[in-house]
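Colleague: The following block contains the structure, expressed as structure tokens.
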Amino acid sequence: MDSLLSIPRSVEWNHTHLTILNQQKLPNETEYLELKDIQSVWDAIATLKVRGAPAIGITAAYGLALAAHSYQTNSLEDFRNLLKKDRDYLASARPTAVNLFWALDRLMASIANVSSVADAKKALVHEAIRIQSDDENTCRSIGEHALSLFQEGDRILTICNAGSIATARYGTALAPLYLAKERGIRLHVYACETRPILQGARLTTWELMQAGVDVTLITDNMAAQTIKTKDITAVIVGADRIAANGDTANKIGTFGLALLAKAFNIPFYVAAPLSTIDLSTKTGADIPIEERPSEEITELAGTRIAPPGVKVYNPAFDVTPHELITAIITEKGIISGHYESVLTALFKEEIKR
Ligand code: MRU
């Protein structure tokens, strides 16, 4: 049975507009927002109403297609200039997840050979729909590969939300858990709450509980104690950008979990589609790390919890060095060893297809 039936899709294209599930409001409210212009798409991404690397890419792709539909020109040259400006605007919404730029560039490439503005508008919508449907298949394949690493009864630790609502469907790190559920394989998940925005507490637990996956919530500072006392067998996380050498940016706190996994001698897996791998970013040091507003830390559910004027450092992501990563699980299979050469070979192979 499909374990995901009860989980709403985070992004839906409705011909004249885009409907998103407002992830800011979950789990207390299931609110849908209709995005009708590029500014509201930009805002939805920047304020995390839609979040998670693949979902950000999908939303931006629809956002660009939506913007293009409003252009009142018959000149392809003018159309391309307007599109480039809007591409750059959407690309400024968040800096770390490479899927944003990947999806926007895929849309730009989709109109390379069109001969009219009308064809260009159609091609953009078509490409955005393809990005979304490809992502669903990709995530399911990631789940299949990842599940081969787990056994009945395993206890798995994760952080943030790399689940169905962070993607077209299934998720990346959570995909094997849904497939396990479908097949009657019992896995237990421990979800870190993921300060400061609480994607683990609000979203991961919500998703997994709806699908009937056994999940326990912990605060981030309970990770070491939980690994020790609950005999965690593996850590699995998603990714926002994987550099050419395998260094991986993901939600703040991920690097700490990788260090813990090494200390406890358990595997640390990164699950991500090829669209999250960026060979033009050589190492983790080259990945731009988003810093977010201080209120995310000084306030809790709208209530101030720190003295006014306190200095705050709020990086949204950290970078796990490749040597701490046991394997990267993609739709093409499980990668380990010398990431730089394996990833380069994998992309060469993809280009040939
Ligand atoms: O700031 P967020 O919530 O967009 O961060 C999301 C993550 O870090 C996810 O782990 C990552 O994007 C992978 S989602 C499949």
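Including glycine, each Cβ sits where the backbone N, Cα and C put it.
The annotation active site, proton donor is assigned in TrEMBL to Asp240. Taken from TrEMBL, the feature substrate binding site covers Arg51, Gly52, Ala53, Arg94, Gln199, Asn250, Lys251. Under the heading site 'Transition state stabilizer', TrEMBL lists Cys160.
Locate each feature and note its surroundings.
Modeller: Under the three-state DSSP scheme, Asp240 (active site, proton donor) falls in the coil class.
Proximity of Gly52 (substrate binding site) to non-local residues of its own chain (separation of 6 or more, Cβ distance below 8 Å) is seen for Ser10, Asn161, Ala162, Gly163, Ile165, Ala166, Thr167, Gly171, Gly238, given in sequence order.
Residues within less than 8 Å, Cβ to Cβ, of Cys160 (site 'Transition state stabilizer') and separated from it by at least 6 positions along the same chain comprise Cys192, Thr194, Gln199, Gly200, Thr204, Val237, Gly238, Asn250, Lys251, Gly253, Thr254.
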Colleague: I'd like to confirm something. Which of the binding-site residues, Arg51, Ala53, Arg94, has a Cα closest to the Cα of Asp240 (active site, proton donor)?
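Modeller: The answer is Ala53.
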Colleague: List, in sequence order, the residues of the same chain other than Arg51, Gly52, Ala53, Arg94, Gln199, Asn250, Lys251 whose Cβ lies within 8 Å of the centroid of the Cβ atoms of the recorded substrate site.
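Modeller: Everything else in range on the chain: Ile56, Ala97, Cys160, Asn161, Ala162, Ala166, Gly238, Asp240, Ala316, Phe317.
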Colleague: Return the residue, from the listed binding-site residues Gln199, Asn250, with the maximum count of other C-beta atoms within 10 angstroms of its C-beta.
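Modeller: Result of the Cβ crowding comparison: Asn250.
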Colleague: Are there any residues at least 6 positions away along the chain from Arg51 (substrate binding site) with a Cβ closer than 8 Å to its Cβ? List them or say none.
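Modeller: Set apart from Arg51 (substrate binding site) by at least 6 residues yet with Cβ under 8 Å, we have Gln23, Ile45, Asn161, Ala166, Gln199.
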Colleague: If we count other C-beta atoms within 10 Å, could you say which of the binding-site residues Arg94, Lys251 has the fewest?
Modeller: Arg94
